[in-house]
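A.B. asks: Structure provided below as structure tokens; questions to follow.
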Amino acid sequence: MAAGPALVLASASPRRLDLLAQVGVTPDRVDPADIDETPLRDETPRRHALRLALEKARVVAARAPGDFVLAADTVVAVGRRILPKAETEADVLYCLKLLSGRNHKVLTGVALIAPDGRAATRLVETKVGFKRLSDAERDGYVASGQWRGKAGGYGVQGLAGGFITDLQGSYPSVVGLPLYETLNLLSGLGYRP
């Protein structure tokens, strides 16, 4: 019997792979998309997250015709301001300054392209409250390095989890992949593990 279409995860994020494993989904392979993630002029955080997820899926689908391709992008926003993925100490200090003592949104766009080329997307928005950080908390977090490569400079599953005062929405989405919506996308487009 011939094997069905493969599931390709268009992400290098170990967190997304772990989240999928929690619900019994194991991608056949991982093929990260390398795209320009710079926000477009006047692009809202919602549109940005969805656009990047779909763009990542399309780039990888072109390399994997006949397979399912799953992609996601997580954006942290304070109002309409999209925070960067922190790569430097300057990035994380900027993010922490904006997040400290405020509510913000974590938006995760998910895109799935089916073997026949059909595409579907979902966007999950979660409201997150951040405590006001003391200088010692901020400096300790920066020294930890846990912020590297994270949208908005933090991961809720690490030290920064202690800064969260409130979370309204999807915890897995804040980690990097909304599981309920992702499973619905997969089944809706005919993926069967």
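Using N, Cα and C of the backbone, Cβ positions are placed for all residues, glycine too.
According to Swiss-Prot, the feature active site, proton acceptor maps to D73, an assignment based on sequence analysis. Per Swiss-Prot, the feature site 'Important for substrate specificity' maps to R15, T74, Q157; the stated evidence is sequence analysis.
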A.B. asks: As a test of the contact definition, list every same-chain residue at least 6 positions from R15 (site 'Important for substrate specificity') whose Cβ is closer than 8 Å to its Cβ.
C.D. replies: G155, Q157, V175, G176, L177
A.B. asks: Have a look at the recorded sites (T74, Q157) and report the one with the fewest Cβ neighbours inside 10 Å.
C.D. replies: Q157
A.B. asks: In DSSP terms, helix, strand or coil for D73 (active site, proton acceptor)?
C.D. replies: strand
A.B. asks: Long-range same-chain neighbours of D73 (active site, proton acceptor), Cβ under 8 Å, sequence gap at least 6?
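C.D. replies: The list for D73 (active site, proton acceptor) reads E37, H48, A49, L52, A53, K56, T108, G109, given in order along the sequence.
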